[in-house]
Amino acid sequence: MAPRGLVLYLLSGFSMAILSVLFVSHPNYNNSYQNGLTSTNLSLPHSPNGSITKTVWPELEFSWRIVLATVIGFLGSACGTVGGVGGGGIFVPMLTLIVGFDTKSAAALSKCMIMGASASSVWYNLRVLHPTKEVPIIDYDLALLFQPMLMLGITIGVALSVVFPYWLITVLIIILFLGTSSRSFFKGIQMWKEETVLKKEIANRQETVVNSRGELLIHTQYEPLVTREDKTQMQILRLNLRWKRILVLLLVWISFLALQIIKNDVEVCSAWYWVLFCLQFPIALGVFGYEAVKLYREHKKRKRTGNAESICGASIEWTATHIAFCSLCGILGGTVGGLLGSGGGFILGPLLLEIGVIPQVASATATFVMTFSSSLSVVEFYLLKRFPIPYALYLTSVSVLAGFWGQFFIRKLITILRRASIIIFILSGVIFLSALTMGIIGIETSIEMIRNHEFMGFLGFCSSQ
């Protein structure tokens, strides 16, 4: 199975990074950093000397900083949603280095931008036909399979981010982001070559085609790669909406949100805290198990009847082994995403491509799932008053426009060039750029911490809250 290499790479990189703590941490380092750490995001909300960074909220006024941030935010949102990865690795450095926010507020605003871009992309995708079949372009089977496990993994990763040292998170960013971006890039090259061969075959058939009577036809029109939209917008919308499955996803979202809100008002590491934390497991496993059994039974039924058509967008056999493998991928992707503060999109997008989902469906499905995870973070950050409302409204509005127009232009470009591999290259580029920006910032901060003899090992979970 193709994704095994990706997951093996993620697990090995994760393990190597953790083991490296044994060689870097030193008992004589100052533990003041340990006592002050409260971050649960990708970026460290602390100054290099170990003290907690003060909240910095610049005034929203017209300046070159706002103009530059708007341009970067628009382009990042447009490309991030097209690739299905969000773009948090671009937004956080932009908000801290250009606008001037502290890293904690920047991470919260980044989630607002991801939510806005994802929501507008979902709305656009709901009005687009599937490129090859009469089915929704959003694969609800895969959404129901991955969303609960992804959200469970995100909560686990957020908890681990309190324990992991900042330099270790930087190492994970570089290893995992570079790995997934390079794998996606080679996947895009492979698909580009296949599209080139297909285009040549279509061109040959257009030049010379023989009809049923043996007559030679010249310049005969051939069916394009992207199906013609011969339905009305309302018909397409009804085809793409599956209310029962959306309701299930909303119930999972509400359940996780309620647990997070209640847990925030409970003493850390108390008995009720761990009870509420563990309640997330039956919710996620229940929805995942229901969908897994459904896919398994449908696959068995189709196999008995000799129907070789795939159940959903993924071109894999839904055996017990593969279903268990998908659950591992969902938890792993969510854990790493929560640990790095990215929401898991940079793993879910490449993973969907690895299991055989076509780029258009992979992008639409990943963006759909990412809307739930990012909105959950936004609501929680709002209750904790982590971001200024004026900036949040402005940047979210920019992202909403960027998500819609990004999808519009890329879909038109795919129709003209007949190359869906463009989506894969955009996905790879966004992940690589995120690795570059976050890696450079993380290395600079880690070097400064080493010079100041900061504590570089694992932190206590209960004492770090």
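FYI, residue positions are counted from 1 along the chain as it appears here.
Using the three backbone atoms N, Cα and C, a Cβ is placed for every residue, glycine included.
Quantities reported herein were computed from a predicted structural model and do not represent experimental measurements.
Feature annotations, courtesy of TrEMBL:
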- 6-24: transmembrane segment (TRANSMEM)
- 66-99: transmembrane segment (TRANSMEM)
- 105-126: transmembrane segment (TRANSMEM)
- 138-160: transmembrane segment (TRANSMEM)
- 243-262: transmembrane segment (TRANSMEM)
- 274-293: transmembrane segment (TRANSMEM)
- 323-349: transmembrane segment (TRANSMEM)
- 361-384: transmembrane segment (TRANSMEM)
- 391-410: transmembrane segment (TRANSMEM)
- 422-443: transmembrane segment (TRANSMEM)
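Comparison of 105-126, 138-160, 243-262, 323-349, 391-410 by number of C-beta pairs under 8 angstroms to the transmembrane segment (361-384) places 105-126 first. Panel annotation: around the transmembrane segment (422-443), residues 42-43, 76, 79-80, 82-85, 87-90, 92-93, 96-97, 166-167, 169-170, 173-174, 177-178, 180-182, 184-185, 187-188, 191, 342, 346, 349-350, 353, 359-360, 362-363, 410, 413-414 of the same chain, lying at least six beyond its termini, place a Cβ under 8 Å from a Cβ of the stretch. Contact between the transmembrane segment (105-126) and the transmembrane segment (243-262) does not hold: fewer than three of their C-beta pairs are under 8 Å, each pair 6 or more apart in sequence. Using a Cβ-Cβ cut-off under 8 Å and counting only residues 6 or more beyond its ends in the same chain, the transmembrane segment (323-349) has close neighbours at 1, 3-4, 7, 10-11, 14, 40-43, 80, 83-86, 88-89, 92, 107, 110-111, 114, 145-146, 148-161, 164, 169, 172-173, 176-177, 180, 184, 288, 292, 295-296, 355, 362-363, 366, 369-370, 373-374, 377, 427, 431, 434.
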